[in-house]
Amino acid sequence: MNALSRMARDTMTIARRDFMAIVATPTFLIFLLAPLIFIGFGMVGGMGGRMVGKNADSKERIYAVLDGSTARQFAATEKNLRDLFRGDSTPPDLILVKPQNHVEQQARALLAQQDRDVPAVLYGTLERPIILRHDENSGSAAYLAEVAERAARDRAAGIDRPLSTPHFVDVKRAGSSIGGTSATGVFAVTLLFVLTLMLSGQTVGTMAEERSNKVIEILAASVRLESVFLGKLIGMFGVAMLFIAFWGGLAGLMLLFVPADAFAKIQEMRPAIGLPAFGILFLAYFTMAYLLLGSVFLGIGAQASTPREIQMLSLPITIFQMAMLGLASASVALPDAPISLIARIFPFSSPFAMMGQAARSATLWPHLVAIGWQLLWVAASISIGARLFRMGVLKSAGAKRRWRRKRDREVAATAP
């Protein structure tokens with residue numbers, strides 16, 4: 001058996017050992033179901049935020065202090081204008097109030113209410129309305145001004161009904177919208193980041209246990225350290241692929257139960273390159289990102305000699321990954337800016353940025369070039385990571401041997 005085949009056999013032995021040591025434990029089930037915890041916290045936070053927002057919106061009102069035909073004209077125009085708004089952009093509900101003796105004081109009292117939020121109050125005439133507001137950039141005040149303008153024009157022209165009757169024809173979109181592809185790009189980049197953060201960061205944590213129970217020294221004495229490094233990297237990659245396969249299959253099953261209207265909205269987010277190619281590219285870029293970051297992190301983690309030092313390494317690793325997410329997100333938001341080109345070229349952000357590119361553009365050849373470019377950096381990072389791993393393990397083992405030799409000499413010197 002030659003050296004290469006022996007190294008491959010030792011590598012796969014270490015990979016199988018690490019894979020089974022992680023998967024065949026009850027704690028792996030908790031790790032596998034960790035996204036449910038994140039989703040649960042997100043749902044609770046989202047529900048709380050929506051309830052607070054709805055409660056605030058339900059207490060927000062705008063007022064118009066008008067009477068007679070002016071009030072009726074204003075109300076009719078406001079109803080027609082309100083129909084143009086949808087969702088969160090809808091202005092607060094309008095309340096018409098009859099004017100009293102002191103109209104200005106009445107309007108100021110309405111604006112100063114404590115039991116509800118009143119951003120703007122209108123009084124006066126349609127031709128010369130007076131609008132009280134708390135904020136000079138108030139959209140509600142601008143809305144009241146626009147209603148008064150249209151009501152005054154309609155009354156001057158004698159218009160009391162719509163002049164046109166539109167006929168709407170629904171046409172299905174041939175492809176994805178720009179907003180849909182952008183949303184898909186952001187979602188894909190974020191998902192790729194979360195998976196990489198959860199899974200590649202584990203390579204650093206695996207060193208803590210094996211340093212504490214001397215397993216790494218036993219492995220170093222049994223096989224080549226390069227085999228130990230590659231085996232650990234491949235073993236953790238197998239765990240990552242099992243994680244993705246589990247949640248990918250679960251997501252595919254959930255799509256079978258999605259309502260038709262919701263599924264139609266999901267289809268609007270189809271990536272420009274197509275779903276099959278998009279899925280293949282996602283796996284390819286995850287592999288590149290994992291191997292790039294995992295190999296470097298494993299090599300850096302080997303430099304730490306105590307669990308505390310390994311924990312201290314987690315913060316800069318997380319900050320570095322967040323920086324790569326920010327760079328890739330900027331690439332999605334500004335596809336034609338120089339920052340986008342930088343994100344696609346820089347090796348550690350390239351997988352994330354190119355994932356956003358796949359959602360936005362149907363051109364395939366840039367991905368082939370990017371994967372080739374990333375493979376070069378994967379080879380370089382594995383080589384550098386293996387050397388760092390070897391230096392860290394040998395340094396740790398050498399320090400222990402030197403301490404033991406010194407202790408033995410001291411014991412021999414004091415012996416009678």
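Backbone N, Cα and C define each Cβ position, glycine as well.
The transmembrane segment annotation in TrEMBL covers 20-44, 178-199, 233-260, 272-293, 313-334, 365-386. The domain 'ABC-2 type transporter transmembrane' annotation in TrEMBL covers 28-384.
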Selection from 20-44, 233-260, 272-293, 313-334, 365-386, the stretch that has most Cβ pairs under 8 A to the transmembrane segment (178-199): 313-334
Segment proximity, the transmembrane segment (365-386) to the transmembrane segment (272-293), 3 or more C-beta pairs under 8 Å: yes
Long-range environment of the transmembrane segment (20-44) - Cβ separation under 8 angstroms, sequence gap at least 6: 198, 235-236, 239, 242-243, 246-247
